[in-house]
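S.K.: Heads up, here are the entries from TrEMBL:
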type    : residues                                                                            : note
BINDING : Asp31, Glu55                                                                        : Mn(2+) 1 binding site
BINDING : Asp83, Glu86, Glu212                                                                : Mn(2+) 2 binding site
BINDING : Glu86, Gly87, Thr88, Tyr118, Lys163, Pro164, Arg165, Asp185, Gly186, Asp187, Gly209 : substrate binding site
Amino acid sequence: MNIAFDLMKVTEAAAIEAAKWVGTGRKKAGDGAAVAAMRQAFSTIDLSGRVVIGEGEKDEAPMLYTGEEVGNGRGLAVDIAVDPVEGTNLMALGRPNAIAVLGAAPRGSMYDPGPSFYMKKLVVPKEAAQVVDIDAPVEDNLDNTAKALGKDVRDLVIFVLDKPRHVELIQRIRAKGARVQLHTDGDVAGSLMAVTPGSGVDMMLGTGGTPEGVISACAVVALGGAIFGRLDPKTEEERNTVINYGTDIDKLLTTTDLVDSEKACFVATGISGGTFLAGVENDASGIITHSMVLDGGSGHLCMVRSVHTNTM
Ligand code: VTB
Ligand code: MG
Ligand code: MG
């Protein structure tokens with residue numbers, strides 16, 4: 001969809017505001033500033049967007065809530081998934097890889113996560129898409145992915161969130177001889193790295209946010225890798241709410257289940273900087289942002305350095 005570059009203005013606006021809060025320890029304030037900037041930027045573009053993944057249900061969060069219409073109402077009808085600050089802890093603690101992200105796809109094509117918080121995920125580049133199985137032992141997936149990528153298992157780098165729930169997973173990956181790249185937060189960045197050639201990451205594994213899984217799927221569609229997911233409720237309460245919502249909790253979710261359109265697009269702008277996307281910088285020419293713009297429709301992947309000569 002050729003709205004990808006318009007949508008970049010939205011993540012840029014969120015990143016510029018969020019960057020003001022990097023290292024301040026104030027994740028709510030930074031998140032709020034990014035949400036407001038994102039919403040304002042949406043209103044300036046030709047789009048009939050409907051938020052499928054937002055910052056909270058109506059009444060709980062005043063802006064970018066699920067169901068909210070965004071854009072000026074004059075453009076393409078799309079589903080929108082946003083995370084104005086993906087990695088609010090990363091931002092607040094001054095750690096790398098906090099990013100402002102957004103996915104868009106033709107209206108009706110995005111999976112509705114409803115009240116589901118947690119999803120087990122496996123993300124691989126396209127060469128390994130056919131040889132992995134999220135339900136198989138991790139050792140088999142490592143073997144098969146190494147073969148598909150033409151690498152030794154010991155050269156595989158697996159992105160895993162550093163959470164107590166992943167202790168056994170990490171131990172098994174290491175016992176098999178592969179390397180684990182541990183990150184405290186930010187599995188959208190991890191999923192992106194897994195499908196981006198040359199990022200230094202070959203696979204993303206483990207349980208993270210369900211909304212983040214759908215957002216990541218937009219990028220995976222555009223880049224041509226694969227994401228597999230299984231809802232992984234962490235409490236009985238979450239499990240019951242998800243079932244009551246009508247969700248098939250046992251379904252294996254493939255890339256197309258998460259986003260059923262080859263035209264999905266995805267945009268990310270760096271907030272705190274990092275190995276993957278540089279953060280917001282200031283110099284004499286203005287504010288500088290770094291974004292990744294993926295357009296599934298045209299197959300374009302653009303890395304964009306923008307100079308914002310007048311502050312927004
Ligand atoms: C997940 C992951 C995100 O937060 O939602 C995680 O998808 C939350 O996990 O990328 P815990 O509740 O166990 O902390 C992120 O890492 C950052 O938003
Ligand atoms: Mg968020
Ligand atoms: Mg997030």
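In case you wondered, yes, glycine gets a Cβ from its N, Cα and C as well.
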S.K.: Among Asp31, Glu55, Thr88, Lys163, Arg165, please name the binding-site residues whose Cβ is nearer than 6 Å to ligand 3.
M.R.: none
S.K.: Given the recorded Mn(2+) 2 site (Asp83, Glu86, Glu212), which additional residues of the same chain have their Cβ within 8 Å of the Cβ centre, ordered by sequence?
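M.R.: So the additional residues around the site are Gly87, Ile99, Val101, Gly186, Val188, Gly209, Pro211, Ile215.
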S.K.: Sequence gap of 6 or more, C-beta under 8 Å: which same-chain residues meet both conditions with respect to Glu212 (Mn(2+) 2 binding site)?
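M.R.: In sequence order, Asp83, Glu86, Met119, Asp187, Val188, Ser191 meet the Cβ cut-off.
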S.K.: Within 10 Å of each Cβ, count the other Cβ atoms and name the one among the binding-site residues Asp31, Glu55, Glu86 with the highest count.
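M.R.: By the 10 Å Cβ neighbour count, Glu86 comes out on top.
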S.K.: Just jot down the residues in the same chain as Arg165 (substrate binding site), at least 6 apart in sequence, with C-beta under 8 A of its C-beta; none if empty.
M.R.: Gly206, Thr207, Lys234
S.K.: Count the other Cβ atoms sitting within 10 Å of the Cβ of Lys163 (substrate binding site), across every protein chain shown.
M.R.: 16
S.K.: When DSSP is mapped onto helix/strand/coil, what comes out for Asp31 (Mn(2+) 1 binding site)?
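M.R.: Going by the DSSP assignment, Asp31 (Mn(2+) 1 binding site) falls within a helical segment, counted as helix.
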S.K.: Suppose we draw a 10 Å sphere around the Cβ of Asp83 (Mn(2+) 2 binding site). How many other Cβ atoms does it contain, all chains included?
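M.R.: Asp83 (Mn(2+) 2 binding site) is surrounded by 28 other Cβ atoms within 10 Å.
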S.K.: Looking at substrate and its recorded binding residues Glu86, Gly87, Thr88, Tyr118, Lys163, Pro164, Arg165, Asp185, Gly186, Asp187, Gly209, figure out the farthest C-alpha pair and report it in angstrom, whole number.
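M.R.: The two farthest binding residues have Cα atoms 20 Å apart.
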S.K.: Of Asp31, Glu55, Lys163, listed as binding-site residues, which ones have a Cβ less than 6 Å away from ligand 1?
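M.R.: Near ligand 1, sequence order: Lys163.
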S.K.: Find, among the binding-site residues listed as Gly186, Gly209, the one whose Cβ has the highest number of other Cβ atoms within 10 Å in the structure shown.
M.R.: Gly186
